[in-house]
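Peer 1: Take a look at the following structure, please.
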Amino acid sequence: MEGKVIEVQSAWREGAHVDDAKYREMYAASVADPDAFWAEHGKRIDWMKPFSTVKNTSFEPGKVSIKWFEDGTTNVAHNCIDRHLETRGDQTAIIWEGDNPDEAKHISYRELHAQVCRMANVLRNRGVGKGDRVTLYMPMIPEAAYAMLACARLGAIHAIVFGGFSPDSLASRIQGCGSKVVITADEGLRGGRKVPLKANVDEAIKRLDADLVDHVIVVRRTGGSVAMEAGRDVYYDEAAEQVTDECPAVAVDAEHPLFILYTSGSTGQPKGVVHTTGGYLVYASMTHEYVFDYREGDVYWCTADVGWVTGHSYIVYGPLANGATTLMFEGIPTYPSTSRFWEVVDKHKVNIFYTAPTAIRSLMGGGEGPVKKTSRQSLRVLGSVGEPINPEAWEWYYNVVGDRRCSIVDTWWQTETGGILITPLPGATALKPGSATRPFFGVKPQMVDAEGKVLEGPCEGNLCIADSWPGQMRTVYGDHERFEQTYFSTYPGKYFTGDGARRDADGYYWITGRVDDVINVSGHRMGTAEVESSLVAHPKVAEAAVVGYPHNVKGQGIYAYVTLNDGEEGDDALRKELVTWVRKDIGPIASPDLIQFAPGLPKTRSGKIMRRILRKIAEDDFSSLGDTSTLAEPAVVDDLIENRQNRG
């Protein structure tokens, strides 16, 4: 498969922003003189006060600091809305496609301006101002985008929690950033089923200090009956009637935080990733334009949820900064039928489509029929995000969905990077199924071995980035030391991505997956420690270890090894009970796929669990278990192999 190359088609090159020669020239300039390169491209957004310094960054141990365009001031909402009003006020900014195929809305830039100002005034009336944190726990409805942009307009900092997270997870995230205001909906709709968002918010608030959350703003989505606490809760439509649709955009420093987004860490507690204003928007908008070869008039659809970073950068901020028409989808790929994605593409004449390998794999399971009954002729670029895409799924996407005429951009990036780092560019990059190909402008990947030695040429190793780029996260909220420890201490002087990769003879990168204790389930990162501590909290469980294993739909599944307390019996009923327990504690996304009851776990003599061995057994591969002589009880391994749940 690796030998296969798909050359750039002449149709992709025609009208594209860059061809191969231009990519090489721009890339060389971007790494030779980042200051000059980003000084030029920093002008792609409007500045209220122009910047004079461009890059002020250090990856040095103990002195990690990342600042871009730091003396400039700007406002993200101004850049995503106001600056477009004169030239494209009546153009559609957001196409909203509901869970039910009969529901859709077109929101123009002018209407977006009015709606965002209204939402900002509702927040301002509740004491929200510059630097205040606001938690959003919302379905995929236009009000989610209004709320994000309203916070940005005021210089407030939004912290979105994905609507699939449990009340416990929501509570810890509200607590973590100290939000006094929460915006939610009565209920969400997904695949015809209702999600009790407001009820979950009420549950979460019960777990917090009584004086933390002052206001809960509730958008009516289903009209379902929900409990409303007088003095604290208000329906958004009622609050919006009390305010005007004019609200000035507040000028903030380029380094003022725009949002906090919690992501799974390998040590259990989620990390609050902080992204700031200027550099983030420059990078999100530039990657959106070049990676998707976005052109004036294109209809662009990213299927992510705004609860993940992909939704932040590539549904809302990047596309709107570029004056694009961006599609927001409330539903799921299989409701009401497995043709839904392609029906939406035809209905709204989508030109650029960006989804996750897990969605592609699950649709692939249904065969070509549901795809082929639609036209998809409007499509030009197909993107993939969230995890490495296996070559078989890549081929299916290219051949079946794109009829071999659409360029594929297999993008690699992370919550922490703010935007895409390694990717093909449609008019420039020959494609290899399964490879993320080459770095974006200004990005300097480095491969290092376990000792930190930099590897040259074709190799396999740990993927680091040698220097900063404008979209990079600045810190972990409230814990800069954790930021340094997590990303800069393993290989001092470099940003360590936590991913392994292979670089081939053409300089193309192939991402091989996480090398730390984080698993990637359906494109969403899940810290193994988080799932383990949930399992261990169950009264019958003594110890648990969680690893990822190859799953043909999700990419990685969650495999849990569980040691029970003395006298407890492991059976199917307890398996079900533990799955329900984790779902309730963290959310459905963390549900273990396989649970193996084990009398003991493989540990070193110092008591450290040997996860490498557990991973291998979960993968049904014992050919390379490595040296087990250092284990305290080598016999444990034989039992684990004997009773494994994932037999090939």
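Quick reminder: no glycine exception, Cβ is built from N, Cα and C everywhere.
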Peer 1: Swiss-Prot has Gly386, Glu387, Pro388, Asp410, Thr411, Trp412, Trp413, Gln414, Thr415, Asp499, Arg514 binding ATP. Which one of Arg438, Arg482, Arg525 is in the same site?
Peer 2: Arg525
Peer 1: Determine, to the nearest whole angstrom, how far the Cα atom of Val541 (Mg(2+) binding site) is from the Cα atom of Gly386 (ATP binding site).
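Peer 2: So the alpha carbons of Val541 (Mg(2+) binding site) and Gly386 (ATP binding site) sit roughly 32 Å from each other.
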Peer 1: Centre the Cβ atoms of Val536, His538, Val541, go out 8 Å, and tell me which other residues of that chain have a Cβ in range of the Mg(2+) site.
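Peer 2: Nearby residues not in the site list: Ser534, Leu535, Ala537, Pro539, Lys540, Ala542, Glu543, Ala544, Val562, Leu578, Trp581.
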Peer 1: Where's the emptiest Cβ shell within 10 Å among the binding-site residues Gly192, Pro388?
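Peer 2: Lowest Cβ count within 10 Å among the binding-site residues (Gly192, Pro388) is Gly192.
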Peer 1: In whole Å, how far does the CA atom of Ser522 (CoA binding site) lie from that of Pro388 (ATP binding site)?
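Peer 2: About 11 Å separates the two Cα atoms.
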Peer 1: Between Thr411 (ATP binding site) and Thr310 (CoA binding site), find the distance joining the two CA atoms and give it rounded to the nearest Å.
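Peer 2: Approximately 11 Å lies between the Cα of Thr411 (ATP binding site) and that of Thr310 (CoA binding site).
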Peer 1: Where the distance is taken from Cα to Cα, which of the binding-site residues Thr310, Val536, His538, Arg583 turns out closest to Arg514 (ATP binding site)?
Peer 2: Thr310
Peer 1: Who sits close to Thr415 (ATP binding site): which same-chain residues at least 6 apart have their Cβ under 8 Å from its Cβ?
Peer 2: Leu261, Thr263, Val273, Trp308, Val309, Met473, Arg525
